[in-house]
Amino acid sequence: MAEIKVEMSHDQHLLVPEEEEAASARSLAGNRRRLASLDIFRGLTVALMILVDDAGGDWPVIAHAPWNGCNLADFVMPFFLFIVGVSIALAFKRISNKVEACKKVGFRTCKLLFWGLLLQGGFSHAPDELSYGVDVTMMRFCGILQRIALSYLVVALVEIFTKDSHEESISTGRFSIFKSYYWHWIMGACVLVIYLAILYGTYVPDWEFVVYDKDSILYGKIQSVSCGVRGKLNPPCNAVGYVDRQVLGINHMYHHPAWRRSKACTDVSPYEGSLRQDAPSWCHAPFEPEGVLSSISAILSTIIGVHFGHIILHLKGHSARLKHWISTGLALLTLGLTLHFTHLMPLNKQLYSFSYICVTSGAAAIVFSLVYSLVDILEWKHMFLPLKWIGMNAMLVYVMGAEGILAAFFSGWYYRHPRNTLINWIREHVFIRVWHSRRVGVLMYVIFAEIFFWGLVSGVFHRFKIYWKL
């Protein structure tokens, strides 16, 4: 179980297991000091998650793309996995006992799965529904922490068991670091082959489902979807959804997929609204954006992150690191965009397509390089302190802020009507009415009353050396 601990060291656990954070104190030039850019990048990603989750409804341009494409929200998950990969490389720089390391990896994987099921399985219903408990027949099995757990488990075990296959010092050849960690790339190639083979080779038959949306006129009715195809990447007939329906069961998938905001489903697209009366039947169906097959594909994002962590360990000069990071990032961006615009494979977060992996990992590389330059080279740390504090206590902010547990707590007290809560009053009177615009007011509320607020809270916790360890 997760716990709050008071520690004397500031090498603390964040959103991924604690060994990653102990290792983030590795030197940029040999001295033991924390890699501040990794903390800030993690804090930036958590802040980005809060922004797109809570303001995306009013600003659909930053919310998840309904299907193909890549909006701001679609970078959050790959950024997390990239950070996990970098942290794994730093955490397992030296391994004294592989058995003990594997036990710790397995134990923390189980804890990530537990919290993922608790938070995104629907138990808390935070923050908008004041009901308690969850119908286990409708419980969502997958989610963000579950995907992180799978990627962490696979990549960490590869890192542990291949530790003896490469040397601490690597030759100066351009591709020597790729050769030294060839097992990681073999794993990545296997993951990609498995994903593509299933994605394009699986036959997707016709399927049906029961509509459980109580606001729908079709509530309780059985709907059928015609497929009978192979290799399609459209919403109703792709292999990713088919695998999840077979493995997870359709009732245990996400019931509010982003595709409901597509033009085929609603007249107010890209905003979320009532489904059209003539909307295709699949618009009413569940779809799991963190499902089984797409999570297998997502392991690649973590493998790429591990590679960037290895660069920190083996290349000592700032310019050498940045040259390698930026060139790799640009190559990934170019490959991903080429696949997308040549229509070979679209950018798609729901399917976690290979082009999407390339573009988002390339973007993570560029952003991380920029943060590294500003923070660890130019030492502009103070201007990013709120993000650093969030990054050093990311699990706390994720659970209490991004998952809305604190907001749900305050929403438990209301005046006469469940919508008359302190949270809604602040949003309406302090922000929306001041700006005379709901869209701008909501955006300002999320930035100042949520992101900046959690930055200050994390700063107080940091001051007293209190961190949420998983």
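Each position is counted from 1, following the chain as shown.
Quick reminder: no glycine exception, Cβ is built from N, Cα and C everywhere.
Automated prediction, rather than curation, is the source of TrEMBL annotations.
The annotation domain 'Heparan-alpha-glucosaminide N-acetyltransferase catalytic' is assigned in TrEMBL to 34-158. Marked as transmembrane segment by TrEMBL: 35-52, 72-93, 105-124, 144-161, 182-203, 292-313, 325-345, 351-375, 396-415, 442-461.
Stretch with the most C-beta contacts under 8 angstroms to the transmembrane segment (292-313), considering only 72-93, 144-161, 182-203, 325-345: 72-93. Under DSSP, residues within the domain 'Heparan-alpha-glucosaminide N-acetyltransferase catalytic' (34-158) fall into helix, strand and coil as 81 helix, 1 strand, 43 coil. Tertiary neighbourhood of the transmembrane segment (182-203): same-chain residues 154-155, 158-159, 162, 165, 228-231, 233, 238-240, 242-243, 293, 296-297, 299-300, 303-304, 306-307, 351, 354, selected by CB-CB distance under 8 Å and a gap of 6+ residues from either end.
Nonlocal intrachain contacts for the transmembrane segment (35-52), taken as residues 6+ away from its ends with a CB within less than 8 angstroms of a stretch CB, comprise 14-15, 24-26, 28, 62-64, 71-73, 75-76, 79-80, 83, 86-87, 90, 312, 367-368, 371-372, 374-376, 381, 384, 386-392, 394, 397-398, 401-402, 446-447, 450-451, 454-455.
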